[in-house]
Amino acid sequence: MSKKNNLLVAASGTGGHIFPALAVSKEVEDEWNIHWLGIQQRLDANLIPQKYNLKTLNLKTPRKNIFLFYQYIKILMSTFQIIRILKEKKINLVFTTGGYISAPTIVASKILKIPIIIHESNVVPGMVTKYFGFLCNYVLLGFKETNSYLKNCKTIFTGTPLREQFYKFNFLPEWVPKGNGPLLIVMGGSQGAKAINQILYESLEFLIKKQFRIVHIVGESHLKTFHVKNSKNYIQKKFTNEIAALIQNCDLVISRSGAGTINELMEAEKPSILIPYPYSKNNHQEKNAMILAASGGSVLINQNNMSKEVFEETLERIFKIKSKKGKKNYEILDLMKKNMENNNKIKSKNEIKKYIDYFLKEF
C-alpha cells in the first residue's frame, strides 16, 4: 500500500465551521492522513474523531476587528506555532473553513509553500476569506452569489457539505409528540437563540391551542431560562443528534439562518421561517436567509420586527386550510414545499473531494 499524504484540517468555533470540515474529512480519509487543528477554547474535542490527530492551540479569539494592530501581533505569534506544526506533521495540503484559526494557518502554509483550500459557507464571505482568500489555491463557495465579493480569488462553486445523516432518510424519533397536528421544529443554532426561545415561550399557549406539535431545541445556555414542562404536544431539548430526522419529517422549521442551516433545509426540501441573528458579521445571516426567501421556500422575519402577533399571524397564514375538490390542504405551506424542491442541490462533499484529491497528483 502506498504511503498516504498528510492533510491538515483547520476548523474551530461553531457548527457552521466544524460540521462541513468533518464531512469533508470523512470523505477523503481513505486517501489522506487527517490532522485537525483547532482553538482550545473554541472547539468541542468530543466532536473530532481520535483518528484525526487533534492538535489545539491556546489562542484567545479577538472580540473585534481582527485587523486592529494588536491582532496582527497575535496572528504573527500563532503563525510561528502553526509553522512548527506543519513541519512536524509533514503536511502536504491544508483545508480550512474560515474563522480565526484560518488566518495564521493560511499565512503559515503560504510561507512553507503548502497548497491551501478554504471553504466559505456564507453568502457574504467572512473577513478571513475576504482578506486572505487570494493567498489560497482555491476558494470553494457554498453559494454562487459569493463570487461577486471575491474578485481577486480563484473561486469555485461547490455548495456546502453536510453531516452524513442528511444524505439518507431517517425515521422520526419515538420521543417526538404524536398526533395529526403540524410538526414544528424550533431551533436557534448550536449556540441557542434567546429571541427565538422567547417568542416561542410567549406563543406556546396559542400553538398548543392550534394543535401544533412542537420540538424545541432550546440550546444548553438557555435551558434553565426558558424551561417549560414537556407536555403532550411540546418537547423541549437542549440539544439533539437527531436533527436530520427532525427536519426531514417535520412540516416547518423555525430557525436562525446560518449557512449550515440553509443548506440542510435545501437538502431536506423543507419550508421555514427564518429569523436571522441581527448581530452577525456583515449581516451574513440575513443575506443567507434571503436566498431561500427569494425562492419562495421561506418566510424571513427580521428580529427587530418580530413580536408575538407577527409570529402567530405568520403561522396562521402558512397553515391556513383551503378546501380544493373536497380535499383540505395547507395551500401556502404546499407552495413553499414545491419551491424548496426547485432549489438546486449539489453533492458538495464529492465536489470538494475532487479538488483536494487533485493535489495528490502533485506530490
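Cβ coordinates are placed from backbone N, Cα and C, and glycine is handled just like the others.
Summarising the annotation, Swiss-Prot assigns UDP-N-acetyl-alpha-D-glucosamine binding site to T14, G15, G16, N122, R163, S190, Q285 and lists sequence analysis as the type of evidence.
Its own atom aside, the Cβ of R163 (UDP-N-acetyl-alpha-D-glucosamine binding site) has 18 Cβ atoms within 10 angstroms in the protein chains shown. Highest local Cβ density among the binding-site residues G15, G16 belongs to G16, counted as other Cβ atoms within 10 Å over all protein chains shown. Taken residue by residue with DSSP, T14 (UDP-N-acetyl-alpha-D-glucosamine binding site) is part of neither helix nor strand, so it is coil.
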